[in-house]
Ligand SMILES: Nc1nc2c(ncn2[C@@H]2O[C@H](COP(=O)(O)OP(=O)(O)OP(=O)(O)O)[C@@H](O)[C@H]2O)c(=O)[nH]1
Ligand SMILES: [Zn+2]
């Protein structure tokens with residue numbers, strides 16, 4: 001297994017220190033073996049639901065699900081998939097808020113394993129470096145590709161950016177529809193959950209906080 005990038009190591013350590021890491025029990029296994037086992041278990045789940053696995057539309061489903069879990073929707077459980085981060089020296093001496101709004105976010109509820117569909121807004125006030133804009137989207141995507149609760153997802157994005165940017169002045173807000181609320185259970189098709197995590201001046205300085213919260217009201 002290749003070494004983790006320095007950025008991935010730093011973010012992982014910061015989350016562990018703050019007790020914000022996703023609860024994990026590591027299993028020493030390569031991804032090929034992991035997918036083979038998930039496929040076998042999923043085949044059994046489908047058989048228990050009395051689905052005919054010899055049907056040509058269903059026969060490949062266990063393999064597809066295993067591949068989707070490991071390589072796609074839960075790929076953020078593996079820090080080897082942490083995005084490459086580009087930091088640029090803040091030669092421009094930007095000391096005002098930079099905001100990326102309406103970042104598409106698709107995650108999975110860890111209680112029911114169904115979709116969380118939302119969008120994130122991220123702001124920060126640079127110190128010595130600014131981050132490549134797309135890297136903010138990629139960090140949101142990395143932590144979304146785990147089984148999640150929205151509160152932890154919001155905090156993980158905040159701490160990752162604080163760690164990489166070397167500043168506490170970061171703010172994250174997520175609006176999301178939980179399909180465990182919409183498509184089952186209470187079956188509320190319209191409610192949206194908002195979670196916000198504020199760091200540094202976004203928490204302590206009322207006008208910075210207001211500027212961020214106002215920026216959320218553009219849509
Ligand atoms: N705080 C929080 N709760 C969540 C999130 N996603 C799902 N939940 C909630 O997790 C709870 C699990 O409650 P349980 O009573 O154990 O599960 P359940 O019987 O399926 O509950 P219902 O959804 O009410 O039918 C539910 O209230 C979900 O709405 C999330 O991101 N954050
Ligand atoms: Zn749920």
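Going from the start of the chain as shown, residues are counted 1 onward.
Cβ coordinates come from backbone N, Cα and C, glycine included.
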- line: Cross-ref TrEMBL: Zn(2+) site 109, 112; candidate in list 25, 180 matching that site is 180
Message: List the residues in the vicinity of the Zn(2+) site, defined as same-chain residues other than 109, 112, 180 with C-beta within 8 angstroms of the site's C-beta centre.
response: 108, 110, 111, 113, 114, 116, 178, 179, 181, 184
Statement: Per DSSP (helix/strand/coil reduction), residue 109 (Zn(2+) binding site) sits in strand
- prompt: When a 10 Å sphere is centred on the Cβ of residue 180 (Zn(2+) binding site), how many other Cβ atoms does it contain?
  reply: 17
